[in-house]
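K.L.:
One structure is given below, represented as structure tokens, and several questions about it will come after.
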Amino acid sequence: MFARSAAKTLASPSSRLFSSSSARQTKVTVLGAGGGIGQPLSLLLKLDPLVSNLSLYDIRGAPGVAADVSHVDTSSEVTGYAAEHLDAALEGTKVVVIPAGVPRKPGMTRDDLFNTNASIVRDLAAAIGRVAPTAHILVISNPVNSTVPIVAATLEKAGVFDPARLFGVTTLDVVRASRFLASVSDSSPSECNVPVIGGHSGPTIVPLLSQLSRGKRLQGEDYDKLVYRIQFGGDEVVKAKDGAGSATLSMAYAGAKFTGLLLRGLSGEKGVITPTFVKSPLFADRGIDFFSSPVELGVNGVEKIHPIGPLSPQEEKLLEACLPELKKNIEKGKAFVA
Ligand code: NAI
């Protein structure tokens, strides 16, 4: 059964009625909430004042995570749902975040996860299409380059796909790029907001370092090393965890960060712009209809897909290496649903 939390809001019903911030609050559902990412992500979402109801679902362990997280003294209500209650977890939700699926082990690429995660994501997308067809869907499960097209094709089949409401979460690449550039340029990550475009795996990750003065200064081996670290930073974590999985804590941080930005856009804040992997016209002429680039988030989700801006000759080369691989990944996802 459900594990409903006792965490009650401190505001009285009447004060909530007239509070403009409460009016903007929203139910958010995490699918895969019992996992390595799902647990810390649920905790971080419990801290977001724009979340009024947090719905935690997993095929195992979600009621326990919900009971635990519900004791945190923020206003949101937390409810945990066991395997057989997926529909109840999704009812009335505005945002669904999906970290469900298996993570990498040493030596694996994200594409090696396809066989297991493709069907998990397809089945969850079908349930969202049926129960919460207007929800915004944030896909964390890898391989993101394929799982996002899988969700799109599944919703399309159900006749409820809206490209403004589907996002592949590539925020960890942006977080890593900022952190790593700050380390080599002796500055703060807040001054190193690197736009990262393309997709979310190895060579499809294209950091646009030339668009920042600190990044522009890097040359030769220093530049190559930094690009490699941004593209393959996930491998550092997989290797260090030695078989116990991939990035979970930094990913939970990145997932909560992106969810928070989306909630701010949905609540009417202007000028919320961040890279995310969406259905995009930018490279449609090359047969690539999903792409990550800076996207403005607004009351309907995707408000505006920004152009990628000027690229250095090195970045042109990175983009040329990205596109064919990305195309293959996207087509693999589409073919799975077809
Ligand atoms: P994990 O194995 O610790 O957790 C996955 C959870 O999903 C488990 O609790 C499992 O019970 C649950 N699950 C499996 N099938 C389910 C279903 N049908 N419905 C609901 N829940 C289900 O894995 P972890 O480390 O949390 O990673 C999750 C995914 O996130 C992996 O695919 C991983 O590759 C991906 N990931 C994505 C990143 C990104 O930047 N987008 C970064 C790091 C990981």
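Quick reminder: no glycine exception, Cβ is built from N, Cα and C everywhere.
TrEMBL feature annotations, pasted as is:
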ACT_SITE  HIS200  active site, proton acceptor
BINDING   GLY32, ALA33, GLY34, GLY35, GLY36, ILE37, GLY38, ASP58, ASN117, ILE140, SER141, ASN142, MET251  NAD(+) binding site
BINDING   ARG104, ARG110, ASN142, ARG176  substrate binding site
DOMAIN    26-168  domain 'Lactate/malate dehydrogenase N-terminal'
DOMAIN    170-337  domain 'Lactate/malate dehydrogenase C-terminal'
K.L.:
Among ARG104, ARG110, ASN142, ARG176, recorded substrate binders, what is the largest CA to CA distance in Å?
P.N.:
18
K.L.:
List, in residue order, those binding-site residues out of GLY36, ASN117, ASN142, ARG176, MET251 with a Cβ under 6 Å from any atom belonging to ligand 1.
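P.N.:
Listed by sequence, the hits are GLY36, ASN117, ASN142, MET251.
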K.L.:
So which binding-site residues are near the residue listed as 'active site, proton acceptor', with CA atoms within 10 Å, out of GLY34, GLY36, ARG110, ASN117, ASN142, MET251?
P.N.:
ARG110, ASN142
K.L.:
Near the Cβ of ASN117 (NAD(+) binding site), how many other Cβ atoms are there if near means within 10 Å?
P.N.:
23
K.L.:
Quick one: what's DSSP say for ARG110 (substrate binding site), helix, strand or coil?
P.N.:
helix
K.L.:
If I take the alpha carbons of ASN142 (substrate binding site) and ASN117 (NAD(+) binding site), what is the distance between them in whole Å?
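P.N.:
Pair distance, Cα basis, whole Å: 7 Å.
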K.L.:
Please list residues from the chain of ARG176 (substrate binding site) whose Cβ is under 8 angstroms from its Cβ, counting only those at least six apart in sequence.
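P.N.:
Listed in sequence order: ARG229, ILE230, GLY233, SER250.
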K.L.:
Any idea what the Cα distance is from ARG110 (substrate binding site) over to SER141 (NAD(+) binding site), rounded to a whole Å?
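P.N.:
Per the Cα atoms, ARG110 (substrate binding site) and SER141 (NAD(+) binding site) stand 10 Å apart.
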